[in-house]
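Database features, via TrEMBL:
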DOMAIN    15-73  domain 'GRF-type'
COMPBIAS  140-175  compositional bias 'Basic and acidic residues'
REGION    140-182  region 'Disordered'
Amino acid sequence: MQSASLPQGVEAVRCWCGDVCKVKEVTDFSDWLGMKFFMCANYESDPPESISAYVRPPSPPPLCMYYRWIDTEMPDWAVTEIRERGRRAWASLDMEERREKAEAEEKAEQKKEWEDYCMEQRDFLDEMIRKNQEEKLRLEEVYRQREQAREAERERKRERARAAKAAEEAGDGKGKYPRWTQ
């Protein structure tokens, strides 16, 4: 509340302790915004004015708690102010909700993009694994065929060596060279 002037046509009143009342006006945002009232000059929440910035006098003890409303209705400017504050509050709330919704949509979009990227990477890795397994199987087949060919060649050479050895043992064995060359 703040000090205010006495409205025209209203007479000053005295409080219970006999002093002339102060006129105050409500300044906080409430149902009484802009309304004026009388209050005791010794009211407990109205501290005395300070003489200097460093010395603060103690608040006097309250003599009485008198107050009486002068206005019974809010002034037009206060009604307009309340409506305007309400409109701004709702606009701010609406803007906040829109911002939160946009953030949620952006976050959902980023999550979807991330999931799509992960799926692509998973598919790529699965394809690479499949190709590597196919290549491994193909190389195993090539190595198996080479091993079989090598084994067949060795078997052929062994057979040839056995045949040559058997022929040599079957021969007369008289000399170093075959018979027809002697």
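Here, residue 1 is simply the first one shown, and the rest follow in order.
Backbone N, Cα and C atoms are what each Cβ position is placed from, and that goes for glycine too.
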> Taking every residue in the domain 'GRF-type' (15-73), what is their average pLDDT?
Replying inline: 73
> How many of the residues that make up the compositional bias 'Basic and acidic residues' (140-175) does DSSP mark as helix, as strand and as coil?
Replying inline: 31 helix, 0 strand, 5 coil
